[in-house]
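Below is one structure, written out as structure tokens, with a few remarks after it.
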């Protein structure tokens, strides 16, 4: 029985090897077109470091990922300009949590509520 297993494996291995050889011999249409174009235009190989456009973009540096990033940066610039224009404003918010004793008393409303009556 073990001899039968070895014989059954041999055709599978040979078929895998034959498949690899067939793949090497058969060229996809894209590869054949690429070979034709390389033969026709030998000087147009891929440039080292990518295309000129990509190189320019990388040198320039990307400022914003999308319009949201642009708007956030724009708002920060406006906030910086406003803070430099009014430096005497000393009111700081968010430093402490208010308690009922810290809050001012409510003023009575001038208009009587229709629900209270």
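Every residue gets a Cβ built from N, Cα and C, even glycine.
As given in Swiss-Prot:
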| type | residues | note |
| --- | --- | --- |
| COMPBIAS | 1-37 | compositional bias 'Basic and acidic residues' |
| REGION | 1-52 | region 'Disordered' |
| MOD_RES | 28 | phosphoserine |
| MOD_RES | 67 | phosphoserine |
| REGION | 79-117 | region 'Disordered' |
| MOD_RES | 99 | phosphothreonine |
| MOD_RES | 109 | phosphoserine |
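Structure with Swiss-Prot features highlighted.
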residue : record           : contacts (Cβ under 8 Å, 6+ apart)
28      : phosphoserine    : none
67      : phosphoserine    : none
99      : phosphothreonine : none
109     : phosphoserine    : none
Assigned conformation of residue 28 (phosphoserine) - DSSP reduced to three states:
coil
